[in-house]
Amino acid sequence: MKCLIVFGLIVAFVGAFIGFGYLKFTELTRPLPKPQLDANRYWGPGDGKNYVPDKKIYDFNLQVPQAEIDDLRQQLNRTLRLTAPLDGVNFEYGFNSHALEQFVEYWRDNYLTKWSTREAYFNSLRQYTTEIQGLRIHFIHERASEEAAATKKVYPVLLLHGWPGSVREFYEFIPILTMKSNITDYAFEVVAPSLVGYGWSDAATRTGFNAAEMATVMRNLMLRLGHKEFLVQGGDWGSIIGSNIATLYPENVLGYHSNMCLLNSPLAILKGIYANYFPEKYLPSRFFIEHHFPIWEKYMYLLQESGYFHLQATKPDTIGAALNSNPVALAAYILEKFQTSTGPGLNKDFGAIITVYTLEAVLDNLMVYYLTNSATTAGRFYAENVAKPYRDLQLDRVQTPVPMGCARFRNDLPSVTDWQLRDKFPNLKHSRYFQQGGHFAALEMPPMLFNDFIEFVENIGLDKL
């Protein structure tokens, strides 16, 4: 009799344990309702009690005083106090000091001596500013060419950059979107803003400005320009912000295309671990396994390459002070990310940046951070996105009906599988793998990104919406 009682207690305990585990699993993995944000929250200076929004749109033209360029050249002409790399080490310990010396020399003696040419290139695309929620927002706005507008179906698209990028990433990509193309019936009106705290856009003046608030500002910018419905394309932070726009404001988004497809919900993490052991079951081809797996190697890679993330997420003002005060430090910090993103093997090569991006392109991008003194404000975005208010939103668990497309480039950060993506994007319309390319796809291979974006747009069936 006692044995039966003990056995019954064990069965009851095991049953209760399994039941509790099931309830917790369900609680952690079920989709969550969409949170409601204040779409007009004030982020400018002061308390905003007497704030009257200025809804005008102003022309923007980059004009850097020659004295500022001369001062930068003088700073770069100082004797560099760099430490020689270890024997046999190229870029494994960070940006190689010998390579940095060469970059600084080129920056000072070649790039800056033709600054008027680079400035003209910056101004080759139409740019404007307008005030959104108390912040001056800078943006590129290029309409479809006359020929394209006359013969193609034109839709607005919002392009979103990330860190350590800027709108400069899109300068080769935007003309392809706006010009007439023989491969598609579509052309695009492009809006490419500098994110809040980046480039020539104002920074928020108080804590709490995270990716959900950024999504609200970017959506409101599109509404300001008269676009109640639009496409979104983004990578890096732009991918996360784009996902948030599609989640919080699905009524405004015709389709969302990402070239950094991440998802960090509990269910996505569990699925990723499971798929690690049965990869061919969840991928279209075994040739794409290395995009995702082995998962533990991918986690180790992220750990090795994410020191900057921890620093900016905890003490952004400290690293920002160092970077804003020293252009050589700024160069080393940002160039190292471009060097790493050239891909395994090549990222140990001293000519990798020249081969993949060109010197002018990466120095243009570097100048955006230098001229706007935005290293600190851009870094603060990391701190806001790991803070509790943003974590509590759990937006990766909020589904959206918006059509989604994913482009995975081989040398980018490890992405998630379609099996995982569909938890958040049940209307996944497009998925493509590339065996080359990296994190800065719009800068590195704009035609390939364009072709993938076009394929996504055609899969949506905009004419039927």
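Yeah, the Cβs are placed from backbone N, Cα and C, and that goes for glycine too.
Listed in TrEMBL for this protein:
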type	residues	note
DOMAIN	59-170	domain 'Epoxide hydrolase N-terminal'
ACT_SITE	D236	active site, nucleophile
ACT_SITE	Y382	active site, proton donor
ACT_SITE	H439	active site, proton acceptor
Alpha-carbon spacing, the residue listed as 'active site, proton acceptor' to Y382 (active site, proton donor), which is rounded to whole Å: 18
Secondary structure tally of the domain 'Epoxide hydrolase N-terminal' (59-170) (DSSP, helix then strand then coil): 47 helix, 24 strand, 41 coil
Pairwise Cα distance for Y382 (active site, proton donor)/D236 (active site, nucleophile) [Å, integer]: 12
Under 8 Å by Cβ from the residue listed as 'active site, nucleophile', counting only residues of that chain that are 6 or more apart: H161, G162, W163, G165, M260, H439
Cβ atoms near H439 (active site, proton acceptor) (within 10 Å, other residues, all chains): 22
Y382 (active site, proton donor) CB neighbourhood, other CB atoms within 10 A: 20
PLDDT averaged over the residues of the domain 'Epoxide hydrolase N-terminal' (59-170): 97
